[in-house]
Structures are given as C-alpha cells and as structure tokens.
Ligand code: C5P
C-alpha cells in the first residue's frame, strides 16, 4: 500500500526539524518515495545532505528554485508530483504565510501549486504558540479542509520551558500520513460521533489477580485514529493498555475502564450520542463471583473459582439502538472464522461483524496487522487480506458507509475480496 507512494515533505526552520529526519527515514524504508524541500531557515538546523541521504534523492532548496535550467518551474513540478504533503515543523512564520496564501519561496509556492492534502505539524516555543495571533492563524488554517493537523504536545521544549509547543512525535505523524495516503484526505466522517471500545477487560478476584485475555487494544486504537483522520468526533472506552498507544490519540476522548461491568456502564453512558459504535474490545465472558478487596494469601486461594456471567455489552446496546445508529461487533476466532461470527451477528442483532482471524501468523492479538471478513446484516461479506490495523480500520469505515439500514436477511452467496 505504501510502496511507491509519493510524499513531499516541507521542512521549516525550527529545532524539531531533527525529528523530521526520523519521519523521512521511516517512510523511505517502507518503500515510499520521499522528496523534501528545506526552507533557508530549516538549513540552519539540518542540512540538505542529511535529508538527501535519508530520501535517497537530492533535497530541494530555494537555491534550486531560482535556477533557470529547470525544464518546468520546480514548484509546479513538485506540486503535481506529491500525493500528500507534510509541513513539519510548521513554524509561526510559515503558518502566517499559509493563512495569507503567500508564495515567497519554494515551499510556500509549491503548497499553492498543488491540490493534495497537506498535513501540518506545528512546533514552537510555548509563548509563541499561545499568542492570540498564532492561535487565530491555527484555527483559520483548519477551516480549509485541505489542511490536516497534528497538534503539538506538551513537554520540555528545547528552550528549557515546559508547555505546549513540542512537535507531535514521528509515530503520530506517520500514522496520519498513512491515513492520508489511504483516504486522499477525504473527511467522510465529519459530523459523526464514533464510539469505540478497545482492549481486554480484567475481571479481578482480588487487587492483583484477574481473568484476562491477550488483547492489547491496537485494533481499537487504529479504529480511533482512522475515524479521527476522516473527521469524526471519537470516544474510546478502553481497558488497560500501554500508555504509548494512548499517547497516539490526541483529539480522542478517552474513558479508561478495567472490568466488563465498568465498560458496560461507560458504553451505556456514551451510546445515546453515538452514530456508529464499534465493539472492538475483547470483553470477558465470565468473572469471578466473589471479589476480595484485600489481596488473598496464597493459602486462601480457592482450588476452583466460582464464576458468573459478565454482561454482554454489545447485545444490550443492540436492544436500545435507534434506527439511525450502527452497531458493529468483532468476533475473534480460530479455524473457521466465518460461521461463528455469522451466528454472533444474528444472535446479538448487530448491523455488522468483523470476523477476526487470530490464529494466523502476524495477525490478531498484539500484532500490528490483521485479517478479517466483514459481514453485514444483509449477508454481504468482504474478505480483507493481511494488512495493517490502520488499513483494516479504513476498510471497515468504507464497508459501513456502503451498508443499508434494512433489517437482517439471509446470507448471499457471492463473496467480494479485497487485499
Ligand atoms: O466474545 P465474543 O466473541 O462473543 O465477542 C463478540 C462481540 O461481542 C465483540 O464485539 C465483543 O466486544 C462483544 N462482547 C460484549 N460483551 C461480552 C462479550 C463480548 O460486548 N461480555
């Protein structure tokens, strides 16, 4: 999916330029064709040689812009070449130029001479960031749907101040670029509120012991990122998961829970406001009947654990679902993934289910990849071959878009295959 895709990176004059080298390096290793433009100020921080070496292609500077030997104007050539652009770090100065449509160097001219989606990653000193003029410009830029934003984070800045202004981490930028290459910048989920559950619930018998499962929440996180990148308002109800994953979700409302009972309550609270709800969480089916608030000494641990049923959250949601809402479940399966998933779709009265193969190499629990069959209530099925979880999330949103609101019918025979 990324092999041979064309990403143009505009590097601004800020210290965060060094982090952009990581973005370029990762993209190039993934087979993406990367070209980079450095402003004059960017070259105070990193050199064209650094960037050219990482891109495996010479870097572009204003010096080249003004050379008469180009067959076509360079900004036109580069603007037409790019499928997606990234401007990082976006300095306060560059931001102001974009707001006013200035074209005073190769980078700003190329942005105006292109129509592709542009991802903006601002970085600056915290006082600069909080200036009303900068905030106004930042809000204004985002009214232009061509511009996508990865907001700066908070932390220690290179000027030794602590506050907002750190450029988003390369991992967050890379995921967004990946989305833009998939969607070409479309924001078909604007106006939708998407509620997602993620991770494996923990059913404690005392404060340290629990019944759990290997779910890491990566699929739910990918669903949240993809929805956000397509313009949705996103709420993620999540069981315990790595902080690293949660940190990649700026802009998503996060509601942490531990057990199935807590997840049920959070989902019930959020569900009335949701347009689409996706239950990607691996919710326990059973929980210990008794809970001890004190850690049980080893000698008091029971030989057999009395269990009670955990609430079936998705089944409960389907009973209160209103006609405009869509409810999608996941079924983690081994062997024949299709038949049990279909049975769950019908029993839990879902709009669609993702039959998720968890016994394949590099797929399912904990992996960055996945493979699945989407089945909807009308019997349509689409098989998705192994791909990244982010891509799987985008495929799922495409699938939900094509679903009708009609009631459950028998399965159709024909299959559609995507890879
Ligand atoms: O565990 P199972 O394969 O039955 O899960 C199918 C779907 O039901 C998933 O979307 C899961 O999140 C949901 N589920 C639930 N509550 C449970 C068990 C599963 O909402 N107690």
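Every residue, even glycine, has its Cβ placed from backbone N, Cα and C.
Bear in mind that TrEMBL entries carry predicted annotations, made automatically and left uncurated.
Some features that TrEMBL has for this protein:
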| type | residues | note |
| --- | --- | --- |
| REGION | 1-193 | region 'Phosphopantothenoylcysteine decarboxylase' |
| DOMAIN | 6-174 | domain 'Flavoprotein' |
| ACT_SITE | 159 | active site, proton donor |
| DOMAIN | 190-401 | domain 'DNA/pantothenate metabolism flavoprotein C-terminal' |
| BINDING | 285, 295, 311, 312, 313, 314, 330, 344, 348 | CTP binding site |
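Features as recorded by TrEMBL, highlighted on the structure.
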residue: 159; record: active site, proton donor; Cβ contacts under 8 Å, 6 or more apart: 125
residue: 285; record: CTP binding site; Cβ contacts under 8 Å, 6 or more apart: 309, 310
residue: 311; record: CTP binding site; Cβ contacts under 8 Å, 6 or more apart: 260, 261, 264
residue: 313; record: CTP binding site; Cβ contacts under 8 Å, 6 or more apart: 197, 260, 263, 264, 267, 279, 283
residue: 330; record: CTP binding site; Cβ contacts under 8 Å, 6 or more apart: 219, 278, 279, 280, 281, 282, 353, 354, 356
residue: 348; record: CTP binding site; Cβ contacts under 8 Å, 6 or more apart: 312, 314, 315, 318, 329
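Checked against ligand 1, the recorded positions 159, 313, 330 give 313, 330 in sequence order as having a Cβ less than 6 Å away from one of its atoms. Following the DSSP three-state reduction, the secondary structure of residue 348 (CTP binding site) is coil. For the recorded site, residue 311 (CTP binding site), the DSSP three-state label reads coil. In three-state terms derived from DSSP, residue 330 (CTP binding site) belongs to an extended strand segment.
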